[in-house]
Amino acid sequence: MMIKYITIAILFIASLVKADLQFSLCPTCVDFINNDMGDLEKIISGGIATSCGAVCSLLPNNIEQGACNLLCDIVGIDEFLKVFNNIGEDADPVWICEELTVCPKNQNSNATVLTSDVSPASGPHGTTFTIGVAYKVESTLGTGEVAVMVTDPTGSNGFGDAQLIVNTQPGQYSTSFSFAATPSEDEQFPAGVYQVQLMICEGSCGAKHSVTFNSVYANFTVTSGPSVTGQMTGTGSGSGSGSGSSSGAAYLRY
């Protein structure tokens, strides 16, 4: 009887270790889908789908082929094709990677953005503004995002960024984004008050399959100077009292 219980315990621990290793691929999967979704859809729609190798070998380089083969081998070619054939118009990288079983999901997750601040509160063109955010996870997040949206004084131009958070346990966390004013001919960067929205989501914020828990707002002021554009970059600080992983990869969404 004792041997039976020990065997069950070993199998249970092994399953947890396997899940942790598999979920460690989540950021890699999300990056891969963000970068190679278009190529994959073209390959799959072309009907060359006899095996993982047949599909993945048609991607442009060895790194992309390796990531594709790894993800495809986990679920098998039939399930891999099924996921991509069911995407429709909502190509949500987090949802795709959850369907490929490398990103965890939790329908009972819950989290709250607590506070946000911008430093400095105002500055001339050329200033880098740091947007800080503190958030609390009440119930474990599967795969989600902390996202920011900055809207210029005209209300017509937005800059978006998000940081991926994976298997985040209950606790308090903080992270930050940078809004850097850099010269560009593509878009005007007018002086005035910029509105900042920060949100936390299960899934990709704004996507069909996601849940946005809450949002908080802040602002900063750009004073007169040369016309430039804003760039959003994520910092992967992700400090907190709980546990989980945070990716500093920035996905420009708007």
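Using N, Cα and C of the backbone, Cβ positions are placed for all residues, glycine too.
If you look up Swiss-Prot, you'll see 233-245 marked as compositional bias 'Gly residues'.
Here Swiss-Prot flags 22-107 as domain 'Saposin B-type', drawing on sequence analysis. Taking H, G and I as helix, E and B as strand and the rest as coil, DSSP gives the domain 'Saposin B-type' (22-107) the counts 57 helix, 0 strand, 29 coil.
All protein chains shown were included, and the count of other CB atoms within 10 Å of the CB of N110 (N-linked glycosylation site) stands at 17. DSSP assigns N110 (N-linked glycosylation site) to a strand segment in the three-state reduction. Sequence annotations record features per position, and here Swiss-Prot assigns N-linked glycosylation site to N110 (among others).
For the recorded site, N219 (N-linked glycosylation site), the DSSP three-state label reads strand. Its own atom aside, the Cβ of N219 (N-linked glycosylation site) has 17 Cβ atoms within 10 angstroms in the protein chains shown. What Swiss-Prot lists as N-linked glycosylation site is N219 (among others), and the listing cites sequence analysis.
Taken from Swiss-Prot, the feature region 'Disordered' covers 231-254.
Under the heading signal peptide, Swiss-Prot lists 1-19, citing sequence analysis as support.
Residue pair N219 (N-linked glycosylation site) / N110 (N-linked glycosylation site) shows a Cα separation of 26 Å.
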